[in-house]
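First comes the structure, then the notes that go with it.
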Amino acid sequence: MKKYLLILIILLAGFLRLWKLGSIPPHLSPDEASIGYNAYSVLKTGRDEYGQLLPLIFKSFGDYKPGLYIYATVPFIAAFGLNEIAVRLPSVLAGVLAVWLIFLIVNKFKNLLLTTSNSQLGLIAAFLLAISPWHVYFSRGAWEANLSLTLTLIGIYFFLKSLRSTNYLILAAVSFAFTLYAYQGAKLATTIVVLILIAAYWREFKKLLTNNIVTVIQSTVIGLLIVLPIIISMFTGKTGRLEVFSIFSYPREKETLQTFLTQGNEKVGDLNYYLFHSEFLNFSRAILGRWFNHFSARFLFFEGDWSNPRHSAPNQGMLLFSDIFLLIIGFFTLFKNKFNKVGIFVILWLILSPLPAVLSRNQVHAVRALNMVIPLTLISSFGFHFILQRLNSFKFSKILLTSYIILLISGLIYFLDSYFIHMPIQNAKLWDYGYKQVVNAVTPIQSNYKKIVVQQSYDQPYIYFLFYQKYDPYKYQSNAKLKESSFGDVGLVETLDNITFQDYSFPYVSSLRPILIVGDGTRIPVDYQKFGFNLITDIKYPDGIFTAFRILDTE
């Protein structure tokens, strides 16, 4: 029976992650398009868009993406072509695999002094992860963090198995090492998980050190050798993107500090400065504030990622509202059991998992904090299991369980409505909607114009032309030129054949004729005709009201 229930849960997870995958999210993000085109380039030429042979780290927009997700995409593009579904399928499969893995991990927990040994617990954890809004959301796009999370779960599973059979320790080390090739934030996130595992299971790990020191050394060396290129890249100018997003790159303005000091008739170096106004205290407040934000009801249950609305469905927290009750009961269960090994691991992971997000400039960040979803799911499953165990122990238990199930189903329906109905319309702009339609409109008439001017943007319009035109990688590699940012952030591509990407002012003036102009609804005004331009097409957002792009020409 357990096997069939697990199959049903996995099928549910697959359905929630595959349904309308090609059209929801409503558009490829720039990162998704870059992943897809670089995978296409590797498939056709063995090189990335800049002509680098099988790189481990892809230059892309100048953000230097770890290459594992790109390589994972290659076979899907070979099978299904260069399209949205092929780019997102690796994340879908990683998400479904994670549902199975959490079932396996909980079963390993049962064998390692978890108080309960009921076989229901693994199924509950798998079910809750299968329907988790946080996990569903990031399993439906080409999110590298999702692949990294699944590799982390594989590493945890093999680590737990290695406590009984040391041969699995090497597999754990390899799995953890590969997370760094999947996602930038894994450098910190994976380190946290490994250290917590060792701390929580120190007694068992100490036996490994005593009885199987050779295996431990072999595993450590293999893991370090695998991540060595990533470590080297950190010292060769390929971490600018991380520096741009680091909270430590944004100290207070001198004027702000001086205002505080003037108000108290103080100066830098005074005792009061170190007690109340130092940069250490400033960063400490910022970090703690961000940490608490990730545990707030606003983030978890009501609004989601308010700093980056593209990271969550509209008016939907990262979890279901019904999870509040399971988490409360789950924490009670852990306290009641006096935090055994499993409890220590889960709680420490929950506390520390927001760190990659907390150390960034954003108030909250659902991608960098994605690892939180696993300890939260585990704690919720402990709560659900506690309820099931005590169904007959008090008078109104069945009524309470029925009420909870109704609340769970209602919350799930609300999330599905928010994600599948409202998100594609309300968040279309956040997903850069319209570039696909621009490429489809421009491509058939591109050769008719001496010059095409497309409004430049850090949404990287060039990558959409490469992706949707299935641009010949050999041809692009010979001309690829990224104008890199002097600040270490992403750069810009300015030309592609007869297309120029530039931040122009309207009306665009050129001696060349004919020319084609592409701009968004704010750049090109509604009275464009009085400037001598003709409308080729007006691309609307899915709401049918607001203009995403206008395409004009001059004759």
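Just so you know, glycine gets a Cβ as well, placed from its N, Cα and C.
Those TrEMBL annotations? Automatic predictions, nothing curated.
If you check TrEMBL, you get these features:
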DOMAIN    75-231  domain 'Glycosyltransferase RgtA/B/C/D-like'
TRANSMEM  85-106  transmembrane segment
TRANSMEM  118-137  transmembrane segment
TRANSMEM  143-160  transmembrane segment
TRANSMEM  189-205  transmembrane segment
TRANSMEM  212-235  transmembrane segment
TRANSMEM  317-335  transmembrane segment
TRANSMEM  342-359  transmembrane segment
TRANSMEM  365-387  transmembrane segment
TRANSMEM  399-416  transmembrane segment
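Listed as Cβ neighbours of the transmembrane segment (189-205) (distance under 8 Å, sequence separation of 6 or more from its ends, same chain) are residues 112, 148, 152, 155-156, 159-160, 163, 176, 179-180, 183, 341-342, 344-345, 348-349, 352-353, 355-356, 371. Between the transmembrane segment (365-387) and the transmembrane segment (118-137) there are 3 or more Cβ pairs closer than 8 Å, counting only residues 6 or more apart in sequence, so the two stretches are in contact. When averaged over the domain 'Glycosyltransferase RgtA/B/C/D-like' (75-231), pLDDT in the model lands at 93.
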